[in-house]
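Contents: one structure, followed by commentary.
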Amino acid sequence: MFSSLHSTDPDVFTIVSREGQRQNENIELTASANFVSRAVLEATGSLLTNKVAEGYPGRRYFSGCEYIDEIENLAIARAKKLFGAAYVNVEPYSGSQANQAVYLSVLKPGDCLLSMDLGHGGHLSHGAKATMTGKNYDCHFYHVNPETERLDYEQILALAEKIRPKLIIAGASSYPRLIDFQRFREIADQVGALLLADIAHIAGLIAVGLHPSPIPHAHFVTTTTQKTLRGPRGGMILLGEHSAEEWGRKLNSGIFPGMQGAVHMHTIAAKAVMLKEALDPSFAIYQRRNLDNASTLAEELTNRGFRLVSGGTDNHLMLLDLRSKGITGKEAEERLFKVGITANKNLLPYDPEKPRVCSGIRLGTPAITTRGFGSEEMPCLADLIDKVLSDEPTAPTLDFVRKEVTRLCQLHPSVSQNYGDDSNGFHLKFQLTGKEVSR
Ligand code: DSN
């Protein structure tokens with residue numbers, strides 16, 4: 001099939017093709033990764049990228065916005081329906097910018113913010129020293145309980161009473177347990193703080209009721225759209241009925257002109273498509289399988305002698321403590337990479353190692369679940385991980401595991417090696433209700 005990219009720029013075409021091949025031939029266990037549908041991909045690559053628009057539907061600073069207004073309104077309506085929100089802003093370019101827009105709307109430079117420590121599961125954009133947030137605000141951090149490795153709400157309250165933050169952030173990028181947003185709101189109310197829930201990782205689970213929603217509790221909710229939600233790279237801000245009127249307009253100004261310029265309409269169109277897919281009953285089945293895969297993989301790894309932070313998982317990710325195996329997270333990441341398994345090293349709570357080394361590794365199941373991996377394959381996957389991480393693997397072991405990875409990937413193809421070829425293109429096979437669905 002003819003490809004304009006191929007004829008215009010064979011260099012980029014070749015690199016993209018090779019990345020497609022990498023995605024197809026490797027098992028993706030990065031907890032924040034996923035594969036979008038062909039429809040989301042098509043919207044992301046659509047001619048909407050040509051349109052300049054600033055502001056919001058009906059109130060743009062450019063003319064000719066009648067169709068893109070329709071798309072943005074559609075995305076907003078779908079997001080409201082999916083999450084039961086009263087206000088949605090679909091313009092944030094990313095989750096970090098959605099967070100920064102909240103800070104800009106709520107805080108003054110130097111104001112006090114309380115969030116989860118990065119090494120205990122938090123996120124860079126929640127106030128880490130090296131970031132703009134860390135430099136502009138007085139950031140303090142809560143930690144997980146050293147015994148249970150879970151959020152310790154009494155400790156968070158005690159810290160909040162001491163530092164009196166203006167904003168508390170609930171949300172994480174590597175925390176495997178449920179987050180009690182209602183309890184966080186009680187803490188915020190007790191110290192007169194506002195509450196931001198960052199649900200970037202768990203948004204897909206929340207959308208289908210597999211994790212309690214923060215919408216009725218938090219003053220502000222932010223998310224990315226590319227993780228468990230399985231959409232394009234981007235962010236959203238959502239508010240419940242209780243805070244929409246007070247904060248909606250301020251947040252709109254926080255995004256534009258506060259944080260961003262012209263909107264990325266092609267991405268907003270892709271968000272709209274993702275939201276339609278998420279409103280379909282098959283999305284709840286996908287998320288159920290995602291959770292089943294994560295809990296089965298956690299159990300199988302535990303049976304093989306791995307220690308999991310907090311003893312397991314309630315969501316789509318888990319953290320393996322590799323100290324008892326005598327290797328670092330960095331070494332584990334490198335060994336898994338050699339056999340075609342992609343995952344990232346991760347700091348553990350109270351980790352003695354530096355962030356570039358780490359004592360742990362984070363594994364997540366959203367991407368493999370989209371490919372069609374089921375819980376029946378988790379024992380095999382746990383075996384492969386065990387073979388590579390438990391002892392220094394020999395060349396024959398590495399060879400065996402690589403072949404098994406290839407076998408599993410062939411069983412569940414993700415993307416074509418032949419980028420641009422429609423007949424063999426972005427064809428995700430996904431077992432939903434017993435019948436195979438081409439997406
Ligand atoms: N927040 C990072 C992660 O969790 O992997 C990237 O989106």
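Keep in mind that glycine also has a Cβ here, set from the backbone N, Cα and C atoms.
The Cβ of Glu245 ((6S)-5,6,7,8-tetrahydrofolate binding site) has 11 neighbouring Cβ atoms from other residues within 10 Å, across all protein chains displayed. According to its DSSP assignment, Glu245 ((6S)-5,6,7,8-tetrahydrofolate binding site) is helical. Per TrEMBL, the feature (6S)-5,6,7,8-tetrahydrofolate binding site maps to Leu118, Gly122, His123, Leu124, Glu245.
What TrEMBL records for 6-385 is domain 'Serine hydroxymethyltransferase-like'. The average pLDDT for the domain 'Serine hydroxymethyltransferase-like' (6-385) in the predicted structure is 98.
What TrEMBL lists as N6-(pyridoxal phosphate)lysine is Lys227. In sequence order, Ala31, Ser32, Ala33, Asn34, Ala200, His201, Ala203, Gly204, Pro366 are the residues near Lys227 (N6-(pyridoxal phosphate)lysine), counting only same-chain partners six or more apart with C-beta under 8 A.
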Spatial neighbours, same chain, of Leu118 ((6S)-5,6,7,8-tetrahydrofolate binding site) - Cβ under 8 Å, 6+ residues apart: Leu124, His126, Ala128, Phe141, Leu347
Close in space, distant in sequence - Gly122 ((6S)-5,6,7,8-tetrahydrofolate binding site), Cβ under 8 Å, 6 or more apart: Ser115, Met116, Ala128, Phe141, Ile169, Gly171, Ala172, Ser173
Under 8 Å by Cβ from His123 ((6S)-5,6,7,8-tetrahydrofolate binding site), same chain, sequence gap 6 or more: Gly95, Met116, Gly171, Ala172, Ser173, Asp198, Ala200
Recorded (6S)-5,6,7,8-tetrahydrofolate site residues Leu118, Gly122, His123, Leu124, Glu245, farthest C-alpha pair in Å: 32
